[in-house]
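Trainee: So TrEMBL has the following annotated:
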- LYS162: active site, charge relay system (ACT_SITE)
- GLU250: active site, proton acceptor (ACT_SITE)
- GLU250: active site (ACT_SITE)
- CYS284: active site, nucleophile (ACT_SITE)
- GLU461: active site, charge relay system (ACT_SITE)
- SER26, ILE27, ASP93: K(+) 1 binding site (BINDING)
- GLY150, ALA151, TRP152, LYS176, PRO177, SER178, GLU179, GLY252, CYS284, GLU384: NAD(+) binding site (BINDING)
- LEU244, LYS454, GLY457: K(+) 2 binding site (BINDING)
- 16-476: domain 'Aldehyde dehydrogenase' (DOMAIN)
- CYS284: cysteine sulfenic acid (-SOH) (MOD_RES)
Amino acid sequence: MRAQPKASHFIDGEYVEDTDGTVIESIYPATGEVIARLHAATPAIVERAIASAKRAQPEWAAMSPTARGRILKRAADIMRERNRELSELETLDTGKPIQETIVADPTSGADSFEFFGGVAAAGLNGSYIPLGGDFAYTKRVPLGVCVGIGAWNYPQQIACWKGAPALVAGNAMVFKPSENTPLGALKIAEVLIEAGLPKGLYNVIQGDRETGPLLINHPDVAKVSLTGSVPTGRKVAASAAGNLKHVTMELGGKSPLIVFDDADIDSAIGGAMLGNFYSTGQVCSNGTRVFVNRKIKSEFLKRLKTRTEAMRIGDPMDEATQIGPMVSWAQREKVLAYIEKGKAEGATLVAGGGIPNNVSGEGYYIQPTVFADVTDDMTIAREEIFGPVMCVLDFDDEAEVIARANATEFGLSGGVFTADLTRGHRVVDQLEAGTLWINTYNLCPVEIPFGGSKQSGFGRENSLAALEHYSELKTVYVGMGPVQAPY
Ligand code: NAD
């Protein structure tokens, strides 16, 4: 199987190679096969990408938002036309089942281009401030060259979620995908050029943790938007703060999903499974601490076990497959170690717990796993695992579960299943997180803001709120009479 791109980087409207960069092997997680060899960006490539973005940005910013938006909407159409091809590439890049990528990856990227393309004309307006004769007005101005750094779980979506608002606000972007998933973002750059985006405005360069700092510390970069783990977020935010750059941090989580005894139990189980096993559990907002009221615990676990054990694990290119491999060997090792810790610390294994035996030995597969009787102090209840491992914890009353749900450094998301409307709102109101769901889980359409609080980050992606993070206000005071100077 081959997925070799024309070259490693996409700069100034074309593919560019520099073989002096360290080799990055793109591995298909289902088989362990090397499907492409790319090179990390050298300092010369970083310079070239930023210089091209800097050159292109002023003319782009001078266009009307409507004209910029039109190009993004064209890109959305192209992505939808190529959904199958892009989804297959996403599956090769990540190992996620085609059943998912075909509905969730290029399509959500296209939604982002369509939404920001559509709101461009109205979303970037300023205001008029009457001052009794004098007046002032504000305008939203772009930041300049923005850097996007991506994680490996949603490579195409992340490339679009950062690119669309940045571009429509009049910025240029240099995007660095995760070294684990280098392929998808290059295609997004190609699509944008085909849609009519002037060259230089969306450049993609490859690299790892050595390359990121070259981008962040570059004097011509105005903003950094990172999707990644909390430790990386701390480093990136600290470097950006040194030069007072704008930052958006989309980081990790250990989110609570609370199931009250009056909840529709099958919906709650469906929400918990989607919120733990979709993308083989590699979703930042997953509700990995499932608090279940003790009164419904045994019924909940019984049905959850049956449904979990019926999930189809296997070849991600088979449309019937529901669980693919983990993204990498290292990630599977990490998750397996957490599973062993769960067993050792006394949690009850309800389903899964190891490597499935129906799949290729070379793939990075892992069984969807459920632990019950998990307590707040266990490692699996405190640390982000980023794999298909659900922890079920018992609770008895509302105040207790809210306090326990909030007892974490993370604050990305959370959810509540209950038939009691007022309780649903009351509980989410007290949960310390950026994105919350009532009677559903993990739905993130482009219309709603997404992002975290506490150690899960700051800034918001999607919705009109994202435009505020890719622009700044300029205020103009207009004097209408003579200046009254006292001297
Ligand atoms: P990671 O933090 O290891 O890497 C993320 C990106 O940062 C990669 O592109 C990597 O090359 C780069 N990087 C690493 N060190 C860097 C440094 N010092 N300076 C600059 N760049 C650096 O994360 P990952 O393993 O790729 O992704 C999984 C993590 O991402 C999980 O914690 C998950 O929760 C989080 N995530 C968050 C969201 C969100 O929207 N909140 C979405 C997806 C994933």
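Each residue, glycine too, has its Cβ placed from N, Cα and C.
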Trainee: Note down the number of other Cβ atoms within 10 Å of the Cβ of ILE27 (K(+) 1 binding site), including every protein chain shown.
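Mentor: 21, counting other Cβ atoms within 10 Å of ILE27 (K(+) 1 binding site).
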Trainee: Given TRP152, LYS162, GLU250, CYS284 as the recorded positions, which ones have a Cβ positioned under 6 Å from some atom of ligand 1?
Mentor: TRP152, GLU250, CYS284
Trainee: Could you tell me the C-alpha distance between LYS454 (K(+) 2 binding site) and LYS162 (active site, charge relay system) in angstrom, no decimals?
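Mentor: Rounded to a whole number, the Cα-Cα distance is 21 Å.
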Trainee: In whole Å, how far does the CA atom of ILE27 (K(+) 1 binding site) lie from that of TRP152 (NAD(+) binding site)?
Mentor: 12
Trainee: Please state how far apart, in Å and to a whole number, the two most distant Cα atoms are among GLY150, ALA151, TRP152, LYS176, PRO177, SER178, GLU179, GLY252, CYS284, GLU384, the recorded NAD(+)-binding residues.
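Mentor: Result: 24 Å between the two most distant Cα atoms.
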Trainee: Taking Cα-Cα distance, which of the recorded positions TRP152, GLU250, CYS284 are within 10 Å of GLU461 (active site, charge relay system)?
Mentor: GLU250
Trainee: In angstrom units, rounded to an integer, how far apart are the Cα atoms of GLU250 (active site, proton acceptor) and SER26 (K(+) 1 binding site)?
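Mentor: Cα to Cα, GLU250 (active site, proton acceptor) and SER26 (K(+) 1 binding site) are separated by 24 Å.
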Trainee: List the recorded positions among GLY150, TRP152, PRO177, LEU244, CYS284 whose C-alpha is within 10 Å of the C-alpha of SER26 (K(+) 1 binding site), in sequence order, or say none.
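Mentor: None, since no candidate lies within 10 Å.
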Trainee: Could you measure between GLY457 (K(+) 2 binding site) and CYS284 (active site, nucleophile) for me? Cα positions, answer in whole angstrom.
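Mentor: So the Cα of CYS284 (active site, nucleophile) lies 12 Å away from that of GLY457 (K(+) 2 binding site).
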Trainee: Could you state the whole-number distance in Å separating the C-alpha atoms of GLY150 (NAD(+) binding site) and ASP93 (K(+) 1 binding site)?
Mentor: 13
Trainee: Where does the residue listed as 'active site, proton acceptor' sit by DSSP, helix, strand or coil?
Mentor: strand
Trainee: Can you check which residue among the recorded positions LEU244, CYS284 has the largest number of Cβ atoms within 10 Å of its own?
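Mentor: Result for the most crowded candidate: CYS284.
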Trainee: In this predicted model, what is the average pLDDT of the domain 'Aldehyde dehydrogenase' (16-476)?
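Mentor: Average per-residue pLDDT within the domain 'Aldehyde dehydrogenase' (16-476): 97.
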